[in-house]
Amino acid sequence: MSGSLLLQSVILGVLLGGLYALLAAGLTLYFGIMRVVMIAHSAFLILAAYLAWWFNRETGLDPMLSLVVTVPVFFLAGFLMQRLLVSRLKPLTLTMMSVLLTFAIALIIEGALGFIFTGTQRRIQLPYAGDSLNVFGAQVPVVKLVAFVLAAFALLSLYLLLKYTRFGRALRATIQHPEAARLVGIDTDRTAGYGFGLGLATAAIGGTALSLDATIYPSLHWHWIGPLMAIIVVGGLGSIPGAAIAAMLLGISQSLLQLPLGATWAQTVFYVALFATLMFRPQGFFGGRLAQRF
Amino acid sequence: MASESKYLLELNDIEAGYGRAALVLRGLTVQVPPATVVCLVGPNGAGKSTVLKVASGMLAPRSGSIVVDGVDVTGTNSQHMLKHGLAHVLQGHSVFREMTVAENVLLGAFTIKDQKAIDERVAFVQNLFPIVGERWKQLAGLLSGGQQKQVEFARSLMVSPKVVLLDEPSMGLDPKTTAKVFEQVARMRDAGTAVLLVEQNARRALETADIGCVLDLGRVHISGPAPELLADPALGDLYLGGRPADSAHVGGSTAEPATKGR
């Protein structure tokens with residue numbers, strides 16, 4: 001194996017890991033806020049990818065411009081989903097029932113996409129789709145780099161929002177101790193709704209980033225939800241930094257394993273990591289005090 | 001409309017319970033005067049923590065009234081209770097563990113918009129609880145149990161509450177730390193804040209309190225000046241885990257003698 005091939009795999013792994021990190025951050029946010037297992041997260045991801053593709057086809061403009069509409073719409077959809085559906089579940093069985101509820105939502109989205117856009121595979125043709133950069137002999141596709149920058153920018157924005165804004169502090173307080181959060185005057189119900197909206201907004205950005213360089217079809221979300229679930233368990237349920245670190249490590253591992261094993265077997269790295277985590281450190285490797293409570 | 005009242009908090013004839021279960025509080029009446037520590041003691045299941053949940057709006061009473069500084073606030077939720085001047089410190093540890101001490105304390109002022117007022121309160125709580133200032137930038141979850149309790153006290157004082165409701169502040173703490181925590185409760189009182197305290201460690205709590213109320217079966221069984229309750233041998237045997245050898249000397253209060261409750 002040549003050095004440049006190895007370097008290329010590492011770089012591609014980092015680029016893929018960035019996208020995983022953004023998507024897993026959204027997924028772990030739902031769990032952190034309300035112990036909700038959001039199976040439909042990747043379905044919203046594919047929905048956003050379809051909307052970006054459709055926007056590009058209809059207008060001829062760059063698909064990333066669709067974010068101007070999809071981010072606020074997804075945020076609103078997440079808020080309404082939490083307020084009107086998830087918050088109605090009984091606390092005692094919320095986690096289990098959330099699996100069923102969001103599984104149903106995923107099927108509805110998949111069905112709607114198939115109905116509207118048919119099952120035909122779709123792909124955006126970008127003017128820079130074939131361009132690549134040469135980094136010490138490694139060929140790095142520009143489109144993957146753009147997707148990574150978009151995901152990294154979104155993840156950084158999410159971090160800054162959670163860390164330094166009044167809303168971010170309220171959301172973190174709601175995640176860490178809902179009862180105490182209520183007692184300092186935080187409207188935890190509304191905050192949880194906004195948190196859900198934020199999670200879906202990350203799906204909108206992730207889906208758009210994905211659409212730049214992926215062939216999409218309605219059932220593609222099943223291919224994504226497994227690795228994303230594995231990432232948030234490995235990272236520690238409810239921990240956004242944990243999810244980001246695990247996403248990066250597993251993304252790089254997947255990319256490196258593609259060289260000797262091929263794409264199909266390389267995917268199993270997520271499940272091997274999941275099983276190892278559940279056996280040796282069920283609370284996750286990079287945080288996730290919530291998992292112990294769960 | 002506010003009316004003249006010598007109490008900052010009055011719980012009048014409260015009946016309350018959880019869901020469809022039987023009543024926990026059955027006609028309970030408690031009054032908290034300004035700058036006073038009122039302590040509720042009693043056996044497990046007497047309804048001590050429920051009193052605080054009702055007072056802070058976490059649990060709506062089925063009947064009775066809640067009056068804060070002359071204003072009837074019955075049926076108000078916890079956010080509004082905070083605005084009326086009631087701050088509640090929960091049982092066990094309730095700091096936001098993965099936030100810094102600074103973030104924890106500043107979240108106490110979540111409902112306050114005036115930055116100058118917030119800065120003044122920060123200075124006030126840092127002065128009252130020096131450990132808060134010393135550990136300002138540390139993660140709250142890394143502090144010891146007693147230090148976390150002080151952060152919770154500081155957080156509750158950020159809104160300049162009229163009454164602080166403290167639920168079992170000594171829970172899970174060793175005797176030395178417990179003594180420190182009760183010192184801080186006394187300091188809160190001395191700084192002008194009234195405290196309604198619920199405590200399993202009854203004898204230690206009554207040593208700090210000005211007024212004691214013994215709860216049994218959801219109502220106040222006996223109330224009076226805390227030193228007199230401590231000195232009452234019958235009460236000591238029944239509710240305070242026996243009477244220590246020197247407790248007969250405790251007393252000398254100028255307050256009224258202990259009275260049988262309703």
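Think of each number as a place in line: the chain as shown, counted from 1.
Placed from the backbone N, Cα and C atoms, the Cβ positions cover glycine too.
It should be emphasised that the depicted structure is a prediction, and the values quoted were computed from it without experimental measurement.
Annotation comment: TrEMBL describes A:6-29, A:36-55, A:67-86, A:98-118, A:138-162, A:192-212, A:224-252, A:259-280 as transmembrane segment.
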Spatial neighbours of the transmembrane segment (A:259-280) far in sequence, C-beta under 8 Å, 6+ residues away: 1, 5-6, 9, 226-227, 229-231, 233-234, 246, 250, 253
Closest-packing stretch to the transmembrane segment (A:224-252), where packing means Cβ pairs under 8 Å, from A:36-55, A:67-86, A:98-118, A:192-212: A:36-55
Touch test for the transmembrane segment (A:36-55) and the transmembrane segment (A:138-162), at least 3 Cβ pairs under 8 Å: no
For the transmembrane segment (A:6-29): best-contacting stretch of A:67-86, A:98-118, A:192-212, by Cβ pairs under 8 Å: A:192-212
Remote residues contacting the transmembrane segment (A:67-86) - C-beta distance under 8 A, at least 6 residues beyond either end: 34, 36, 44, 48, 51-52, 55, 94, 98, 101, 105, 189, 192-201, 203-205, 207-208
